[in-house]
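TrEMBL has this to say about the protein:
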type	residues	note
BINDING	Glu31, Asn35, Asp76, Met81, Ser96, Gly97, Thr167, Arg338	ATP binding site
Amino acid sequence: MTKGSINVSVENIFPLIKKFLYSDHEIFLRELISNATDATLKLKHLTNIGEAKVEYGNPKIEVKIDKDAGTLHIIDQGIGMTAEEVEKYINQVAFSGAEEFLNQYKDSAKDSGIIGHFGLGFYSAFMVADQVEIITKSFKDEPAVKWSCDGSPEFTLEETKKAERGTEIILHIAEDSKEFLDEHKIRELLLKYNKFMPIPIQFGMKTETLPLPEDAAEDAKPETIEVENIINNPTPAWTKAPSELTDEDYLNFYRELYPMQFEEPLFWIHLNVDYPFNLSGILFFPRIGNNVNIEKDKIQLYQNQVFVTDEVKGIVPDFLMLLRGVIDSPDIPLNVSRSYLQADGAVKKISQYITKKVADKMASLAKNEREEFEKKWNDIKVVLEYGVVSEEKFAEKSEKFMLFPTVDGKYFTWEELNEKIKDHQTNKDGKLVVLYASHQDQQDAYIQAAQEKGYEVLLLDSPIASHFIQKLEQEKENVTFARVDADHVQNLIKKDEPILSKLSDEQKESLKTSIENSINKQTYTVQLEDLSLSDAPFVITQPEFMRRMKEMQQMGGGGMFGMGNFPEMYNLVVNTNSELANEILNKPEEEKAPLINQALDLAKLSQNLLKGKELTDFVKRSFEMLK
Ligand SMILES: Nc1ncnc2c1ncn2[C@@H]1O[C@H](COP(=O)(O)OP(=O)(O)OP(=O)(O)O)[C@@H](O)[C@H]1O
């Protein structure tokens, strides 16, 4: 037996490891299983190239709990180690890695971003164990050895008996880490980190019911057998070529990934690239609608099929954070802080690649499966609008796939829309005015008025529509958007048409004064307009600019500073050519106010602004009038 002391300058490194990595100490299992996987894959490689003259077979990794002994075992059938290799890889290489890590990050250890994702490898075992043993037999014809270390720099190394090739790591679980002797806990960790690792992982046994033979008697009981409980799927969909997969395979994988999601994804994008970086994965578009909260079931990041995190900010562009799925790349540096990640060249390229793939997929759907794409539009528009607003590269490609739905269920691309409305909706200054509603029911009166004039009205109702519109106006020359209630329909698209007025200037002045005296001037600005006889006498409008800035501010970002808290302000458009205007003018002074108030309430009602006591009073008053 050899006794030795690990060459170490830090007096006792293990308590330090434990302390620094405390918050994330469960990763020890992932690290040890990764090592077992590497050892197995190395053997596969060596047998493939004829370097190892042994049978590769169907190796597995076994995880076992021995409650009585207080130990957790990780057993593989990989290449194993000779005494010399243990000396080299465990006593020297692995240790120097751990030491280097500690020296480098001691001071910044509180930045858990660094610690959490640092592959500390074998020595992370000491986060949960007060003694660790390695029993290993190399695939080479050499005796098995046992290494043992109790967390001090002293270790022992001796020959031992082990018939099969491979390595068994035995963790004597420390008093404060007993939870890792709990089956549920270990199962949970295996499912979290190792669900898609490439070598089968066995954890205990399970009972399987055999199918009954066809000619079985009616009361026959099916037979059951005990089989190894394999917890992972070693060949998940993203590791296969898209040509090998059917739609059903993708849907099955989605269910496997998110067992608690009962709704199917709308479509998916298979990512696969190996130059200039290596990345594979599948992104799913769930039904998003106007719900922009992401709490659970996020995109998961893997490194060679080992789960790393579901915090993918910085790697996946922001607008795609609402998607689900998997990204697997060995090229994403995990041992660095978030701010560094965002500046990393490879990571930037990955983000750009993903953006491009999503844009290409959308363009192909819009071109080849237009009808289906239209049906799904409502569920994905938020993501795409967000993409246009936040990613220049995405915005550049977006004309091919952004759709503009109308209030009556038609969908146009920008080009189609432009073609359709350019003759009728260009104003006297040569600007194309795109009309839209944000709420079909609430703005019905305005929508109807616009449609009566032959205008197309879009329905832009996503929570970020105002940001999206703002962006389009910046990008496109001579285009302006106006919500249908931004002004009286006559003024929405100003044309060079002669305006005739029935009232003289003095009459208008008197009408304006009477109205202003009867209403709340803080909220409503009276605006007299010479409209046609059939146009509504009173209409409430909200100027586009003010309203949009307020909305943008409320949604976060953009908008003008302080606008979010600005009081609501409206214009009260009064049609001077209406019969009602005439009535008001000609009524005796004391009868004007009731008439004006009733008309204002009606206008409010059609803008959904009449609420609470005002509404109750209005209804009462209206009933009185019917008597
Ligand atoms: N189960 C095992 N079978 C064979 N060799 C192993 C096993 N576990 C560890 N080793 C050897 O010990 C070395 C050190 O392992 P350790 O986990 O500390 O670092 P690593 O795997 O090289 O890197 P990382 O820090 O990314 O985990 C490995 O490179 C490998 O040579």
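Just so it is clear, glycine is given a Cβ too, placed from its N, Cα and C backbone atoms.
DSSP gives Asp76 (ATP binding site) a coil state; it is part of no helix or strand. With the fewest other C-beta atoms within 10 Å around its C-beta, Glu31 stands out among the binding-site residues Glu31, Asp76. For Met81 (ATP binding site), the same-chain residues 6+ apart in sequence whose C-beta sits under 8 angstroms from its C-beta are Tyr89, Ile90, Ile134, Thr136, Ser138, Val145, Thr167. Its Cβ taken as reference, Asn35 (ATP binding site) is surrounded by 22 other Cβ atoms within 10 Å in the chains shown. Neighbours of Thr167 (ATP binding site), defined as other CB atoms within 10 A of its CB across all chains, total 26.
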